[in-house]
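Written below as structure tokens is the structure these notes are about.
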Amino acid sequence: MITRLFENDKQLEGFFSSLDKKKKYLLALSGGSDSLFLMYLLKSRAIFFTAVHVDYGWRETSYQEASDLAALCEQEQIPFILDRPEATDPMDSRDIENAARRYRYELFYRLCKEKCFSGVFLGHHADDQAETILKRVFEGAHLGNLKGMSAQVMYRDVALLRPLLHIPKHKIVEALDSHQVQYVQDITNCNERFLRARMRERLFPYLQDVFGKNIRDPLLSLAGDSAELREYLDQQTAPFLLRVVDNERGKLLPIEQELLKTSFLAKWVCKQFFLNERLVASKSFLQTVYDHLMTGSTARLRLRNRTVLVKARGVIIESIY
């Protein structure tokens, strides 16, 4: 079996040893190399799962590909669910990439709730992870938010499971090719109308040509450093957030002068305080809050639909009446 090539992979061993094999799961099966490899991997690890395939009808071949996947799953004795949303031309919308993703995740969530699946396996690999990290760098993400995708994360209250994040794409393809396993070549993955495709087809090859080396591993290393930084920041932040109290105006975060000596941590504490109230603060907003705290001046600021009151010794998110 093709996945025997990875039977000594310690990260995979650790991942699967943490799973409850008595439960049943979903596998997002596109038919591409990544999800197909993951299908065989799950079979080899005795995971009980159902494959779900979403056929958007974007390609002339997609109907036949869905039928072929159904036949393959029947041959492999894997339960199979086929979903065909209302057809949409991928060229008609600038946001079709994100819209399709939202549709899939809502479908996965609904299936998990209706059929009692414990989580969804996704075939994201190391190259996908590197793309995610570089995209976040260019978007100006906080250093603590450059960790990329997590191997296990909750989507609402459904687990998203990504065991392949450390495995490069080429190793997955080599494993399938060496065993003559056919997989779908999705041409939309190369359609440069989509940002991910432009990064994959143009940006990454260009950067690797300029630097003369693979840039995936340094990006993954950056993600690891970011994850460690995030863990440290969360540990340092927790005691300050425990001091949050309700007063006559709303939620109050007391700020001590000692905290203000470390601007990086002070702004992170404020950022998490706002997030706990479902408010996303920009870097410029956090800097403004910090500046007022440092000078001891009072300010009333707007953050989405809420009023934030900054005073000499604290930050208040005012209640909505």
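Every residue gets a Cβ built from N, Cα and C, even glycine.
Here is what Swiss-Prot records for this protein:
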BINDING   Ser30, Gly31, Gly32, Ser33, Asp34, Ser35  ATP binding site
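For Ser35 (ATP binding site), applying a Cβ distance below 8 Å and a minimum sequence separation of six or more within one chain yields Leu27, Ala28, Leu29, Leu122, Gly123.
By the criterion of other Cβ atoms within 10 Å of the residue's own Cβ, the least surrounded of the binding-site residues Ser30, Ser33 is Ser30. Around the Cβ of Asp34 (ATP binding site), 24 further Cβ atoms fall within 10 Å across all displayed protein chains. Among the binding-site residues Gly31, Gly32, the residue whose Cβ has the fewest other Cβ atoms within 10 Å is Gly32.
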